[in-house]
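Okay, structure first, notes after.
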Amino acid sequence: MSLYDSFLCEEQFQCSICLDVFTNPASTPCGHSFCMQCITKYWNGAKVFKCPLCKKSFEKRPDLQINRTLREITDQYKSMKNGVVKNKSGRKGSGGHGSPSSHLFDELKKKLRHPVRKTHQTFSRSLESDSTSTSFPPVKNSQASSVPNHSFSDALNETYVAGPPVSHRPHTRRRRYTLSGTEMSQNVPLCEIHNRPILIFCRSDQVCICPECEMEDHPDHDTVTVETEWMETKTLLTVSERTIQDMIIERINKIEEINMSVTELELAVDRETAGSVSLFSSLVCFIERSQAELVEAMEISRKAAQRHAESMTRQLEQEIEELKKRQSELSKLAQSDDHLYCVKTFPILSSPPPTKDWYKVSVNSDLGTESIYMSILAQVEKFAKELKNITEKGFPAQTLDPSPSRSQPRIKGIQEYALDVTLDSNTAHPRLVLSSDLKSVRCGDRHQLVPDNPERFEKVVCVIGREPISSGKHYWEVDVTGKTDWDLGVVKYSVSRKGKIEYTPDNGFWFLSLRDKNKFGFRSQPYTDVPVNLVLHKIGIFVDFENGQVSFYNVDAKIHIYTFNDIFNETLYPFFSPCTNKSGRNDLPLIITPVKMTE
């Protein structure tokens with residue numbers, strides 16, 4: 001086999017764009033070569049100028065020049081190739097020391113001897129220096145060893161000791177490097193530039209390279225073997241897998257939370273719909289009853305006026321009869337010829353009969369129905385307006401808007417607004433017993449001797465916190481373990497402290513209640529039942545002053561219980577009521593606990 005077949009192949013002189021032998025080759029700043037015409041067309045119209053092979057970007061379009069040395073070698077290769085083809089056709093053979101091809105190989109040997117040895121040394125050093133890399137046995141090349149003793153063939157053999165065997169079948173642009181040994185066989189991709197195994201990873205440029213690339217383009221970079229980099233990457237892969245798994249679990253929990261919220265919403269809607277229908281039915285019954293009573297009263301008034309008119313009509317008719325009789329008698333007297341009788345009778349008949357003075361008597365046609373109608377009209381309009389306000393207030397935008405920014409905050413997100421709450425002993429009911437650190441309260445058996453100051457609650461067994469809430473967001477937690485009854489929430493500072501109190505938002509009270517261990521409700525008007533399916537040990541109370549929200553959370557289960565929307569126009573204070581101790585059945589205290597961030 002000729003030296004041409006042993007050493008050179010067309011791929012070494014092939015442009016990676018047109019896949020043909022170089023024509024006027026030009027080299028880019030990154031060291032790769034292409035036909036001048038190919039690279040010019042490739043960059044024409046491009047906004048970013050990149051190397052077609054390594055994809056390295058250049059700030060501006062490089063001013064390329066023809067690589068004369070490479071063009072000379074390419075031309076020599078073409079001439080040599082043409083010569084070999086001619087010899088195969090029966091002309092003078094090539095490969096001898098006196099042939100033109102031999103002189104061409106001598107020149108190529110001088111140009112390539114140094115890089116070949118450097119490549120061998122670099123590759124050998126790279127394999128020996130890395131203890132984690134696989135030790136590959138030398139690969140013998142029978143084609144190379146069959147070449148006569150020649151300095152250039154020595155260099156060729158020196159290259160192939162650590163390099164891949166050369167196949168003399170038609171080459172492809174991307175080949176696999178196969179290592180054979182007694183213990184293992186591994187396919188390693190080859191560098192498209194140097195045709196060497198890609199065994200090194202450059203951490204500086206985040207790219208896989210061959211040993212010759214390391215020597216030429218990455219001499220001072222942080223490099224390791226690909227196997228070492230993969231072992232470290234596997235550690236990061238484990239972290240990424242764990243992160244993805246945590247994200248999956250978080251979303252599964254979110255689905256459960258959404259489903260639970262939908263269930264609670266359906267129960268609340270059903271409950272409130274039934275309550276609203278019942279209220280409207282009661283309202284309709286009341287209106288119908290009032291309408292019947294009003295119509296009946298107006299009918300009674302009409303009938304009374306009618307009877308009165310009929311009575312006066314009868315009296316008038318009787319008087320008319322009397323007057324007609326008198327008129328008839330006077331008419332007869334006028335026609336009488338008995339003058340003496342006429343003179344004696346006339347004084348008696350001349351006086352009218354006794355009658356009622358009807359001049360000032362009249363029938364009042366206004367029975368007050370118009371005023372009643374106007375009053376009813378005003379009340380209906382007022383009621384319609386109030387009902388509209390109730391409807392609008394009953395469906396706030398926070399409930400209807402499904403966007404995350406308007407939905408109820410998660411307990412983990414609100415714990416950052418933790419408020420250190422302490423109890424105000426000056427407001428505590430006389431039966432309440434407060435701890436020395438003012439963090440817990442229970443109901444005692446009898447009243448204590450305490451000053452009857454204006455701030456103290458007289459009838460309600462409750463106490464408020466010292467910390468005012470006039471803006472922003474605030475959150476605190478209360479341990480209710482073992483309690484059968486309690487009230488927790490917020491109050492306005494101006495609420496009534498003495499006498500009978502109605503606990504409603506209109507009177508400045510916003511709190512959640514527990515009665516008989518399992519009956520939860522919010523003290524609205526009317527009372528709102530709150531479904532709670534889990535046992536509560538710790539309650540979280542969250543207040544958003546600007547948005548008018550007071551929310552309650554099950555801290556252990558990390559779920560939202562209930563939110564009431566209102567408008568806060570006055571300073572609020574935390575509210576605590578352990579309720580009466582019920583002869584020891586409810587004597588455990590309410591305990592304000594430190595807020596611990598939920599994982």
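Note that Cβ sites are derived from N, Cα and C of the backbone, with glycine treated the same way.
Which of 57-91, 162-196, 302-336 counts as coiled coil depends on TrEMBL, and there it is 302-336. Counting same-chain residues at least six beyond the ends of the coiled coil (302-336), those with a Cβ under 8 angstroms from any Cβ of the stretch are 342, 345-346, 349-350, 352-353, 355-356, 358, 361, 363-364, 367.
Residues 61-62, 64-67, 70-71, 74, 77-78, 173, 192-193, 216-217 of the same chain, all 6+ positions outside the domain 'RING-type' (15-55), place their C-beta atoms under 8 angstroms from a C-beta of that stretch. The helix, strand and coil residue counts that DSSP assigns across the domain 'RING-type' (15-55) are 8 helix, 9 strand, 24 coil. Residue counts for the domain 'B box-type' (186-226) under DSSP, helix first, then strand, then coil, are 8 helix, 15 strand, 18 coil.
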